[in-house]
Amino acid sequence: MPSIIDRVLKISDNRVLKRMQATVDAVNLLEDDFRALSDAELRAETDTLRARHADGESLDLLLPEAFAAVREAAGRTLGQRHYDVQLLGGIALHQGNIAEMKTGEGKTLVATAPAYLNALSGRGVHVVTVNDFLASYQADLMGRVFRFLGMQTGVIVAGQTPAVRREQYAADITYGTNNEFGFDFLRDNMAWSLDELVQREHHYAIVDEVDSILIDEARTPLIISGPAQGEANRWYGEFARLVRRLEADTDYEVDHKKRTVGILGPGIEKVEDHLGITNLYETQNTTLIQFLNNAVKAKELFKRDKDYVVLDGEVQIVDEHTGRVLKGRRYNEGLHQAIEAKEGVEVKPENQTLATVTLQNYFRGYEKLAGMTGTAETEAAEFTSTYGLGVVVIPPNRERQRVDRNDVVYKNEKVKFDAVVDDIAERHAKGQPVLVGTTSVEKSEYLSTLLAKRGIRHEVLNAKNHAREAAIVAQAGRPGAVTVATNMAGRGTDIMLGGNAEFTAVARMQELGLDAAEDPEAYEARWPEVLAQAEAAVEDAHREVIEAGGLYVVGTERHDSRRIDNQLRGRSGRQGDPGESRFYLSLTDELMRNFNPGVAQRIMNSPSIPDDMALEFGFVSKAIQNAQAQVEGRNAEQRKNVLKYDDVMNRQREAIYTDRRSILEGEDLQDRVRRFVEDAVGNIVDAATEEGQATDWDLDQLWRDLAELYPVGISQEDVLDEVGGRGRLKAEVLKRELVSDALLAYEDREAQVGSEALREAERRVVLASIGRHWQEHLYEMDYLKEGIGLRAMAQREPLVEYQREGYTMFQNMLAGIREDAVRTLFQAQISAAPAPTSLPGVKDARAVTMAPQISVEGIDAPQRPAQLRFTGPSEDGQSAVTRSGTDSGATVAAGTNRRSRRQAERRGRRG
C-alpha cells in the first residue's frame, strides 16, 4: 500500500502533468499550420523566433511554436513525429526538471525540442551523455533536425584539438560526455590567454542518463594531473612483498562493505620489524602508512578479472557496471601503483594534481540544468537536495506489457548458473531473444563457456569485447538472439524486437560514404530509401519475436542498487512490446554475503533444502531488499559527504577561477600589484615586529628578508634617524616607511622597463603565481582531508575542522601568491623587443595593430608536462581515465616531489 507521502507526490505529479498537457495541446493546435510550410519557410521560423526572443519575448511564450517547428522538422528529416508524451518530457526538461521516461520512449528525440528552444538565445546548449559513441551518434542523427532548422550542431569527443573543440562549442547545440565537458572546464581554467579557451558560458545542459552521471559517478572527481617531479618511489614493490606475509583478521582487518582496511597490532609490529623502524606512526613515517594501506587494499579488495585485468603487461580497470575495460584509466592516490606492484608489472609513477572538480559542483555551475533517465524516482530526494532538480514521471506512450517474474534463489552459484542455462536454452529453442546481465567479466565468460557447451550461439559484451558493443545490442532483439552483457553494457542503444532498423540504416549510410554533416542534401535525399529497406528487412523478424513472447531479460545477480536492476529489466517491453524478466540469485552472491550473511548461512546450513532446489521464500526477497537499501543508503551518504567537503574547495575554486578569468579578459593589474607590494612588505614587517619591544627586534634579519623581495632603498639608520632613535621606533612607523620605499622601488621598476612591458609582465607573473600556488594548495587540501577524520577521536567535528583549517590554508596561499608575484616582478628580467614589421599571411600590416614582444624571464613559455593525465568517473563512478596531451596550456611548477618535501619539513620540525 503506498504511503501518504507517495500519494501526495502522485497528486502533485498529476497536477504538474495536467498543466504541461495544456501546453502540449497548444503545440498540437499549430501542427497543421507548420505542416503547410515549405522547407524554406520552416527554416525561416528560427530567425523569426530568435528575433522575437531578442526583443524580449520569453522562451516560455515561444515554446509552442518552437516545439511545433522541431516536431515538423523531425518528421521531414528522420521520419519521426514527437508523441505527445515526448513533448511532455521536453517541457519538463525546459523547466529544469528530470524527466523520467522508460526505456524505449525515445529520450534522444525528446531532447531536441528543449535544446532548440533554449538555443534560440544564442548562448549555447550542452547535451550530455555517458560515452563518446552515444555523443557522436546522437549528434549525427539529431543534428539533421537542427541543421534543417538552421542551427549548428557540435560534438565533443576525446582526442580533439583545442581549435576543433572551440569550433564545436561555438555551435548552437553541442553533444558530449560529462568527462569531456568537465575536463574542458578545468583546462580553460589553466589557460594563459583567451586564445586557449574553448568553452562558452554554462547556460543550459540536458543530461542524458542523468542518474548514471549525477548519482553513480558523483563520488569520483574529475582530475587533471601531470607527472610529479622527484625520484621514482621504491615503496610500492616493498610493501607488495611485505603484505604477502600478513594475514587477514590477525595482522589486519577488512570491511568489504565499506571497502576499507585497518592494520592491527601484530601487523604493525611485523611491518616495523621488516622496515627496521621503532614506530610506524611517528611523523616522519606517515607516508609509509599510505603505502601499507594501499598494498593491503590491493591484496584484499581488488580482484583480478573482476575489478581489473592484466593485458599486455598493464593493469587495466574493468567498469563495474558495464564490464568494459576502461583502457588507460587509473585509480588515484597510489592505489593503481599498489595493484601494479601486486601483479609484478611495471609500476608507473604517481602524478600531481593540476586541477580538479567534482561532477556535482561542475553541473551545479550551469544556469539551468535538466536530465532524462528511465530510473530517477528512487533517487528523487537526492536530485532535489543536491541539484535542485525535481523529478517528473512522464507516462509511457503505450502501456507496459512486460511481465516481471519472481526472483529464483539457489543455495550456491553453480546450481544457479545451470538453471540459467536451462532457461536460456528453452527460450532460444522457441526463437525468443534473450538478454542476460552479469556483474563481472569473470562471470560473463563462465556463462559463455556453459552456453558454448550446450551449443547455444551467443554474443558476449564485456571488458574484453566491446568494439562492436552498440551494433550487437542493436540487434539483440532478433529471433533467437542470445546476448550476455556485463550489467549495463550498451546502455543508450535501443533493443528493438526483430532488430533496430534505424541503427542498421545509419550503418548502411556510412557504408555508402554518406555523411550528414559534410553533405546534408545528399544524405537527406538517400535516407528515406535506406531506412525503408532496413524497416522492411526487420518487419518479418519483428512479428516472429512478438509471437515468441518478446525480449526475455535474465539477471544473474542483484546489483547493489535497485535502480541498476530496473535499468536491466527496462531493456524489455519498450513501447508496449511484450516482454519478460527474471532474476536468478544464489545465497553466495556478493550482496547477500556482505549485507545479510546470517540469513544466507542459516539456509545454506539447512539439511532439509537440497542444493538444486529453487527457493522462493518471502523472507529471502525481503533480505535482498534490505541489503540493497543498506547499500543505497551508504552510497548516498558517501556522495553527500563528498559534496560537503568539495563545497569547501568549490568556494575556493570559484574565487581562483573568477580571478584568473578577469586577468585573462584584460583587467588592469597595476593597482592590484601595488596592493600586493603593500601586503607582502607589510607581512614581513609584521612577522619581524610581532613580539617584544623595538630593542628586541632583529632589524638586520628584517632587512635581509626584504632584500630577497625587492631592492631596499632605505637603510636602518634612515628610519631610526627619522623617529629619533631605536627606543622611539614603533612597528606601524617602520611598516609605513618600508612600504613607501617598496612602492617607490616599483615606480622605478616601471620607469626602467616601460609601462606597457610591465603591465604585460604583471599579467603573466600573477597568472603563473596563481597557477603554481593553486596546484600546491590542491595537494595540501588533499593531505588535510586524508587525516581530518582522526579529529573525531579528539571530540572535534572533522568537517568543521576541515572548513576552518582549509580557510586558513587558503589565506596563506593568497599571501604566498602576492609575495611570489612581487618577488618575480622585481627580480625577473623583463624586456620588450620591437614590434614586428609584418605578419605571416597578412598583406597589409598597416591594418594590424602591432604590439611589442614582451619577455619575462622564466615564465614566457610555461613548462608543460610531457603527459597530462585526465582522471574521471567511468560509467560506474569508480574508475579513472588517462590519456596524454599537452594542448591544454597547463603549467607545472618544477621542483621536488611534494610528499618528499612534506616529509623533509616534518623531520626539520622534529629536529
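Using the three backbone atoms N, Cα and C, a Cβ is placed for every residue, glycine included.
It should be emphasised that the depicted structure is a prediction, and the values quoted were computed from it without experimental measurement.
Going through D423, D494, D515, D519 against Swiss-Prot, the one listed in the ATP site together with Q86, G104, E105, G106, K107, T108 turns out to be D494.
Report note: the ATP site is defined by Q86, G104, E105, G106, K107, T108, D494, and the residues of the same chain whose CB lies within 8 Å of the CB centroid of those residues, excluding them, are M101, T103, L109, V110.
Cβ-based neighbour count (10 Å, all protein chains) for T108 (ATP binding site) stands at 18. For the binding-site residues listed here (E105, D494), the lowest count of other CB atoms within 10 A around the CB belongs to D494. Cβ crowding, taken as the number of other Cβ atoms within 10 Å, peaks at G104 among the binding-site residues G104, G106. Listed in sequence order, the residues of the same chain lying 6 or more apart from K107 (ATP binding site) and placing their CB within less than 8 Å of its CB are G89, A99, M101, D208, M372, T373, G374.
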